[in-house]
Amino acid sequence: MLELRYRGSCPSPGEAVSPPPREGEAAGGDHETESTSDKETDIDDRYGDLDSRTDSDIPEIPASSDRTPEILKKALSGLSSRYDWMKMKIWLFVSFPVLGIQVKCFHEIITIGYRVYHSYDLPWFRTLSWYFLLCVNYFFYGETVADYFATFVQREEQLQFLIRYHRFISFALYLAGFCMFVLSLVKKHYRLQFYMFAWTHVTLLITVTQSHLVIQNLFEGMIWFLVPISSVICNDITAYLFGFFFGRTPLIKLSPKKTWEGFIGGFFSTVVFGFIAAYVLSKYQYFVCPVEYRSDVNSFVTECEPSELFQLQTYSLPPFLKAVLRQERVSLYPFQIHSIALSTFASLIGPFGGFFASGFKRAFKIKDFANTIPGHGGIMDRFDCQYLMATFVHVYITSFIRGPNPSKVLQQLLVLQPEQQLNIYKTLKIHLIEKGILQPALKV
């Protein structure tokens, strides 16, 4: 990450001190009427030695004495790298099951369509369905690799071609499947075949797109995956318990067993649970730091300086809470406030994903999507609310949380040509000098 120091402050040990500018000379240039090109040339001429400082200007720092026993050094030498790989394995352990759940949900929905129309013996239906699944996954996961691991890809010559022409390759693969579908059309079955073509694409929209957003949320930090998914699970459990013990008023005809008492009880329970879970997870760096590839160490890391979102802040309580809690201020993680929005969606809007699934099953007169889990139906029966939640989390992050990412900008800069990097460097230097953030060194 680029780090800029303010020259107006005291220099840190080992930092060269630039002489002050001479009287009558401005840091940004002499005349406001100069053209942009003359201005840049003038700055380069007068401040060209900004980067010409030698090592002699930096005081020598005595080497620290290391008295660690050699046996202990050998024992601890590989501990750090093993720990990093262990964290990455845990992250992959979460990421790959998302792909497996996506494939299983796709299989369950496509199988329902096949059972409905299997008597017509539509050619290539199942083959084309799985082919389109492969194409769409290739496109989305390729976009993820190009977006987050650009620097790593540039080091691998075999991947450079695939990433450079990724979208063209993806489109060509889809076109091949599209042409195969057209060639498979059979007289008297045109309408049914187009029904199944639309069935496949809607299934891809529901499963693949949503699971891709889950992966995107994971890259923002494990906490953006764990809090939403656990909030949905908590809402399912508490809504069932409140409905079982206190339920009297039916909620919706699609699900006769759902009650208003369970719906309201689940809401309050989920908000409290999400607030507590956010507090616990915000303490740990591993859960709040995004997964990034660092070119300087040539590895993936999940360590960072936690953002303000995951640092304790002091807040003043509103009057009615002051009387209840008997204190005027509380210390909270800002993410806990965001967790209220996530929990609210999980408990009030998330269940409508389940209602949608119930209506779908009633339309085809089936009880469950599959019998993968004995007594609980298929995987899609368990994740009908999770997909809707994943979409909301992604939209919430991009709308209210995500800002400029210096790490991504640096990755993009590192893959540019040297001439382009140099031009950006000069432009950035001039900009910082004009704003007074950097004080240039003058030629003697």
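Positions of Cβ are set from backbone N, Cα and C atoms, glycine also.
According to TrEMBL, the compositional bias 'Basic and acidic residues' annotation covers 22-56. Look at TrEMBL and you will find 1-65 tagged as region 'Disordered'. The transmembrane segment feature in TrEMBL is assigned to 90-110, 130-153, 165-186, 222-247, 259-281, 335-357.
Within the same chain, the transmembrane segment (335-357) packs against the transmembrane segment (222-247): three or more Cβ pairs sit under 8 Å, each pair at least 6 residues apart. If you look at the transmembrane segment (222-247), the same-chain residues 6 or more away from its ends with a CB under 8 A from one of its CBs are 91, 94, 214, 257-267, 269-270, 273-274, 277-278, 281-282, 286-288, 310, 335, 339, 342-343, 346-347, 350-351, 385-386, 389-390, 392-393, 397. Residues 222-223, 226-227, 230-231, 234-236, 238-244, 246-251, 287-288, 332-333, 335-336, 338-340, 342-344, 346-348, 351 of the same chain, all 6+ positions outside the transmembrane segment (259-281), place their C-beta atoms under 8 angstroms from a C-beta of that stretch.
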